[in-house]
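TrEMBL has this to say about the protein:
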COMPBIAS  655-674  compositional bias 'Basic residues'
COMPBIAS  675-688  compositional bias 'Polar residues'
COMPBIAS  691-700  compositional bias 'Acidic residues'
DOMAIN    749-815  domain 'SAM'
REGION    633-733  region 'Disordered'
REPEAT    11-111  repeat 'MBT'
REPEAT    119-223  repeat 'MBT'
REPEAT    233-340  repeat 'MBT'
REPEAT    348-445  repeat 'MBT'
Amino acid sequence: DAGSSVEEMEFNWDEYLEDTGATAAPHGSFKHVDTSLQNGFAPGMKLEVAVKSDQNTYWVATIITTCGQLLLLRYDGYGEDRKADFWCDILTADLHPIGWCQQNKKILKVPEGIKDKIPDQEEFLQRVLKGACSAPANLLEGLHRGKNPLDLIAPGSRLELQNIRDSLEAWIVNVVENVGGRLKLRYEGLEDSDRFDQWLFYLDPFLHQVGWAAQHGYSLQPPSAIRSLRSEADWQEILKKVKEEEEESSVPTDLFKDKPVIGVHSFSEGMKLEAVDPTAPFVISPATVLKVYNDKYFLIEMDDLRAERASSQRYVCHVSSAGIFPVQWSLKNGLHLSPPPGYPGQDFDWADYLKQCGAEAAPQSCFPLLTSDHGFKENMKLEAVNPVDPEEVCIATVTKLKDSYLWLQLEGSKKPVPECIVSVESMNIFPVGWCETNGYQLRPPRKAIVNKQKKIAVVQPEKQILSSRTVHDGLKNQELNSSDSVVINGKYCCPKIYFNHRCFSGPYLNKGRIAELPQSVGPGNCVLVLKEVLTLLINAAYKPSRVLRELQLDEEAAWHGHGETLKAKYKGKSYRATVEVVRTADRVAEFCRKTCIKLECCPNLFGPQMVLDKCSENCSVLTKTKYTHYYGKRKNKRIGRPPGGHSNLEVAMKKPNKRRKRRKHFFVHKKKRSSASVDNTPAGSPQGSGAEEEDDQDESELSHSLAQDRDKRKRKLRTFSFSDDENKPPSPKDIKMEVAEKLQLDSNPLEWSVADVVRFLKSTDCAPLARIFLDQEIDGQALLLLTLPTVQECMDLKLGPAIKLCHHIERVKLAFYQQFAN
């Protein structure tokens, strides 16, 4: 109901991290998430692409990088020259696997731009295609074309799940829900009951495509926990039905190609070890190898010495299973080993225990080597599944690390949970922002640092938040109805951003700190990935406040992207500024290059391309003086500098006796949090002592009531006037406003252009907002997908104007459903 309202506590990760003083665990530490974002294409693959200048001819191109359903390509023959690189959409571009032209009698012809470089076309093709890897044909043609592989695991799909409690038998499971690769599974035959539902990541080693059990000699039998719920005849009938419908509900085998490979183990029955119970991973206790099934699987039972025990905790393991350790591992790492229930006393001694049991300890060689090279550190934040209630994903804090294991404190769970012991390779932990990206509810902490309570009107309960700029041609043929929740293909649109540590770091960035940065960030949402990259660069600077000032959006600059607030701390003071980042993958490479040039470092220092041996800019052969001179003297012409923007070199060249004008920016000087002041600037750094005095003076000037500048910027963003005659749409003709607020449309809003949308808004009391719709190119399709959260986030509107705008959008939606939906 458009008039109703609810109280909502809005959790914000950025504010939470700032107020707790914590950092987010690096995205690259979650390998399973990284794998889930891959689209089946890989850099280096080759394919045949229609030539832009002549659509009847084709040429071989190489994939440079991938981003959802977008590919960055380079025609073979350009070598290392990336000026002609181009993005294309798998869904709409004329792309084919190698050999397609020959099979379909199409012409392969060298593009005009490299004709002079390839005198002999046949010889060139033989050379570049020798041993080349072609892009998969099934991803370029047919039903799977352009689809994210994860989208193929849709609700209703069937898989086989091994019973990990007491046998290796498998049974069919139905996918109930797919949240970014995390699957809610329900046993076949229990369609009306969720009591035995399980959550597993699709790469779990015990989850397989239908047919796996038969191929590997395992029987299909329902687990003992559910077997009594139906008769044997019913189970056989269910199995028969599944086999008849196998083709309709099966999942492509390729989806499981990145699953961990299970190796051969060397455990024997009766061996003792230390283990964590996966159903209650809070303590480490003695355990026994109860049974060995084969060279890959064995059964572990948690030791329990009580005579009256009703049941035992046992589970199937393989050599790489998490939570199994050699005897004395806890002692060697200073950890408490919890004695088995029924053990006399609290002082547990392994030597005495082994003697009493007449057992031997599993040798060290049975266990895989543990590593501490994973990127996690104490006090880092992440998102983790609650082992007691797998429906919940909570905020988690790393409280302790030992080798490749984390101790996590969960916050916000419905019931308090002790610290959990989790492997760094667990598929139940996720990076900060994963829930928000995948539309899943993250449990906020009970006493969380949260935004102020807001009264939010429920305009329309839509599940998917959609940025207006992500609406593209792929939606044009999509039907809209009142119950649809539209999911955009390729929402993880930003490719990996590599930090190329060998490249020249320039005068602002500390070479040593740059070398400590992770090798890459992403892939993921463009805004989130680029924000993380810029934050890492700011923190790697000699003076973070200065780099933040270089990156900030100038007041007079044209607004082309998305404004993000970044923060810096220097000498005990906190600063924040609005920095513009791009939203779409096709602009990421250019954005990274322009940012590098702003910071006077090598244009390849970070970006979607990895520099292996030799940088294309030859930055290693230039001296730092020459390199800085080369990039530093072109202040007025260099790419990315907003009109009117300042630079430190320009300040240095001013006459000393002239009074410097006070610069205005949206650079907000926050209240000092600590009296401690540490200057980390190394002696002899490019900034020098004189620059430091200037920087401090700038900081002092900027600290005077700059909240006023921020308010000024907000007013600029929110009070557009529609005065561009060249873009002004014609007067409204096909929109009739009825007295009773019911809207009668003369044309289908799905077919509205941007000008039509602007024309409609100008006929309402939200006319001042029409300019935003024009700038962001919101057409009729995008208009119908807008929701209140989207409007607030993407247009930076306060609640009042946002609700008023959404009221008019809802009127259009209602009219659309009544007049055109059928």
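Glycine residues also receive a Cβ, built from the backbone N, Cα and C atoms like all the rest.
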Selected stretch (most C-beta pairs under 8 A with the repeat 'MBT' (119-223)) from 11-111, 233-340, 348-445: 233-340
Segment-level pLDDT (mean, integer) for the domain 'SAM' (749-815): 86
DSSP-assigned states of the repeat 'MBT' (233-340) in counts, ordered helix, strand, coil: 24 helix, 25 strand, 59 coil
Residues of the repeat 'MBT' (11-111) by DSSP state, where helix covers H, G and I: 22 helix, 35 strand, 44 coil
